[in-house]
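Now, the feature entries from TrEMBL:
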{"type": "DOMAIN", "residues": "B:78-528", "note": "domain 'Amidase'"}
{"type": "ACT_SITE", "residues": "B:131", "note": "active site, charge relay system"}
{"type": "ACT_SITE", "residues": "B:206", "note": "active site, charge relay system"}
{"type": "ACT_SITE", "residues": "B:230", "note": "active site, acyl-ester intermediate"}
């Protein structure tokens with residue numbers, strides 16, 4: 001039974017950030033990598049187990065849909081990638097044990113999160129995704145002459161909100177600056193951003209690594225959180241990318257959409273840690289309601305900075321930036337690829353070929369390629385934005401925002417730990433704030449912790465997945481689930497009966513007790529009745545009884561089954577067992 | 001007694017004159033009055049003497065209002081008068097880049113409203129010209145630049161919208177130095193505007209078209225913008241009243257940004273009262289400009305009493321500070337003379353005038369040019385040919401940008417973009433931009449301190465009167481130097497009023513000198529009150545009708 005629950009639990013976890021990318025080193029396309037890379041994987045992948053990974057580009061874990069919309073199951077995943085992974089994992093582990101890698105990666109992440117504001121950062125155009133090109137534009141976000149930005153105060157609130165959630169110092173006085181460069185998706189020729197005084201700085205994010213990958217609790221530093229505006233989008237015609245296209249079209253719907261840029265300290269050492277960091281950040285953003293964190297739509301974009309150095313050396317190697325990863329698993333794979341690439345160059349004495357550049361992750365080819373080499377440091381000629389006043393906050397405001405913070409993922413995990421849940425279950429339950437809220441509501445109504453967790457991660461998740469529903473749409477309310485659990489616990493019904501009536505509960509939303517009563521499914525706990533049933537069974541199976549009494553005690557299970565069958569599954573199993581043994585032995 | 005208004009009119013020359021009430025006025029031994037002998041100048045030289053009292057400048061906007069209310073003239077009559085004058089003088093002055101085709105039509109509509117006894121706005125039927133860097137949705141708005149040739153904005157600048165809401169009729173868009181960068185209006189990509197006092201001379205800039213149009217009576221008033229003196233210097237050169245409001249008093253929304261932290265929208269008129277009426281209409285907080293002030297807008301017009309209600313010492317208790325550094329070497333003596341004369345006139349009205357020293361005054365000019373150019377380099381990035389305006393043909397993006405800007409922007413604009421880009425570049429930022437900001441704070445503090453000791457500061461607007469067209473086009477530095485007396489006011493964000501205070505020698509009838517009054521932050525009301533008293537009591541030679549109009 002325990003193992004069955006585990007399977008369910010991991011299935012639930014799939015759409016989450018927790019498990020999808022955790023072991024992605026052995027992707028389908030691993031064969032595209034040079035052999036040397038495989039050898040090196042061990043250095044970065046703390047999770048080189050036989051766990052599967054997603055097929056390349058197969059799915060991402062960052063869809064906005066809640067747990068229910070699992071698109072691929074752990075089983076499927078395993079089946080798809082087991083071939084590749086299993087071949088490699090053993091060698092890797094061996095090499096790791098042998099101390100095969102003398103290098104480590106130093107990884108920092110810059111994350112852009114689009115804010116879930118109704119309107120853009122500096123004008124009142126709708127901030128929504130997916131409109132017709134240039135439907136959500138106005139003179140301000142088109143950068144027409146004479147137009148001035150007017151700050152959406154929600155941006156500040158969200159900035160403070162995320163800053164507080166990341167345990168940062170909030171600047172009582174911050175300001176906006178102009179970051180200047182020419183590009184057709186940047187209507188003003190500059191981006192309004194925050195340069196030297198970000199709204200929040202000096203924070204951290206706490207992560208619990210997946211149990212399957214060895215687990216562990218990590219704290220990653222946050223350098224800063226700052227507010228800025230997004231640029232528009234270029235659509236290259238005649239080709240699917242700039243090169244080869246005949247012309248480009250500009251869609252300014254995204255221009256001026258508010259962003260928070262979160263810059264981490266270079267605290268990550270493996271692709272797994274980087275992906276976990278990003279997943280926790282996404283979770284935090286969603287918990288806070290400041291954004292949907294959707295990587296596919298580009299609502300959350302992670303740029304990775306990675307350098308490689310010999311283990312034990314303090315000095316950083318040459319930093320390379322990787323862009324264009326639209327899932328956490330892609331992030332992990334990109335980092336692992338890039339680490340291997342750099343290590344190989346160093347090993348081959350070509351370390352000077354690692355240059356400061358921006359590389360693109362190519363999902364199809366599963367590799368990074370040069371996008372642009374940086375000639376020195378880009379000079380954005382930042383200067384204070386004269387069109388916007390400074391952002392002045394007071395403690396009172398900050399405290400008022402703090403007061404609205406929800407329980408954050410890490411706080412939730414710590415609390416669930418005290419409830420006695422396993423980290424595996426905790427990670428599943430806390431991954432989605434709606435699931436966690438459901439779980440908490442069940443507990444509030446007196447539901448048993450472990451049972452509630454199992455029901456939610458098991459049957460309910462399976463149901464949601466089949467129905468393509470989210471947990472917030474569920475007709476089975478937390479109080480009803482708590483009631484159902486209560487009925488099992490006090491022996492009114494058996495777990496088996498509970499499972500039988502669950503479909504009806506899920507469909508109708510009726511109370512558990514009413515269904516149990518209506519169907520006459522109350523558990524039989526009357527000693528005389530049970531004894532009578534046992535007597536009848538023993539009578540009917542006298543030969544087996546004789547055999548039992550002759551020493552074939554294994555037949556006890558047979559009798560349990562017979563009594564259970566006779567009762568229509570309604571008999572209280574514990575009581576029946578006790579009485580049965582008495583009778584068998586008497 | 002008669003002598004020429006010139007550098008020769010030195011303070012030791014003693015004379016006597018008439019005061020503003022026509023009473024005999026004994027002059028102190030310190031100065032004399034330069035008075036034009038008559039309103040015409042047949043000899044082509046300016047003579048001074050004791051002429052018959054002329055009519056004081058009075059509000060043409062109020063007159064229009066009264067005429068409409070009394071049905072003495074219709075809005076169409078008013079508009080026709082102006083349009084005739086506008087067209088008549090335009091070939092010589094060239095103030096306009098675009099003349100509205102709808103002005104008469106709008107006047108007709110207004111007459112219909114009046115006939116129906118509908119309520120009309122405070123500016124009903126008033127023909128107003130608008131500087132071409134202010135967006136107008138029914139007229140092209142080029143900012144004087146080729147890169148925006150034919151560009152029609154989809155919206156009105158807030159100041160324009162407010163004027164229209166007040167009933168004003170926009171007669172056209174006035175010429176200017178490209179994007180406000182220049183002091184002569186020669187920097188326009190389209191035409192050179194002439195000074196109505198002497199058509200061989202510049203009207204000043206960058207709002208030269210607006211100033212010239214008001215001086216030539218082509219409109220009743222005009223909007224301009226002032227980043228480093230662009231309203232005040234042309235007002236001075238053209239002999240009209242110009243007001244640079246406090247930074248934030250008037251919304252910048254719809255003003256093509258040159259230097260956002262310095263730009264202000266202001267106005268021109270042929271009287272202080274007109275300027276007060278216009279400011280009243282355009283001032284106030286605007287949700288579309290976060291730097292616009294939420295301060296209440298007082299009634300500017302109410303404090304302007306008719307001259308007959310003045311007491312004998314209407315300026316008693318008012319303390320003026322004459323900025324010493326603006327009257328030193330390098331400033332034309334005729335300008336110094338006019339300013340000192342004006343100061344004496346203020347004293348005669350009961351005011352106290354002291355000389356104040358601002359030793360760091362000259363630091364403002366380089367700081368201004370660093371800051372303004374830096375902001376300009378950023379503000380003008382949007383003119384890249386990608387979305388609007390002129391685009392040069394090119395196969396690739398970068399050449400498209402390069403060619404569009406190379407062909408679309410003029411020399412002065414390019415010069416300032418380059419300077420600003422340089423000043424903001426990594427490694428130079430601290431030495432230039434940051435340092436200039438520090439100087440800006442010093443200037444702000446200095447002016448604040450001195451304005452805590454006096455009510456209003458006095459200075460010339462420019463070291464010279466209007467100079468010849470072409471005289472300084474090859475010498476940008478000398479042109480920049482001409483901004484010395486005005487840029488500090490922008491750096492400090494203070495309000496300043498410029499009004500005619502005399503004529504210097506030059507041109508067929510002399511050339512106007514403007515008096516700059518710098519007030520405390522958001523104290524335009526006091527500036528207008530004092531300016532009005534000065535204007536209504538000023539000796540005749542301060543009158544401001546150019547020969548083109550006479």
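Glycine too: its Cβ is placed from the backbone N, Cα and C atoms.
Within 10 Å of the C-beta of residue B:206 (active site, charge relay system) we count 36 further C-beta atoms, all protein chains included. All protein chains shown were included, and the count of other CB atoms within 10 Å of the CB of the residue listed as 'active site, acyl-ester intermediate' stands at 37.
The Cβ of residue B:131 (active site, charge relay system) lies under 8 Å from the Cβ of B:173, B:174, B:176, B:207, B:209, B:210, B:222, B:223, B:224, B:225, each of these being in the same chain and 6 or more residues away along the sequence. Between the CA atoms of residue B:230 (active site, acyl-ester intermediate) and residue B:206 (active site, charge relay system) there is a gap of 5 Å, rounded to the nearest whole number.
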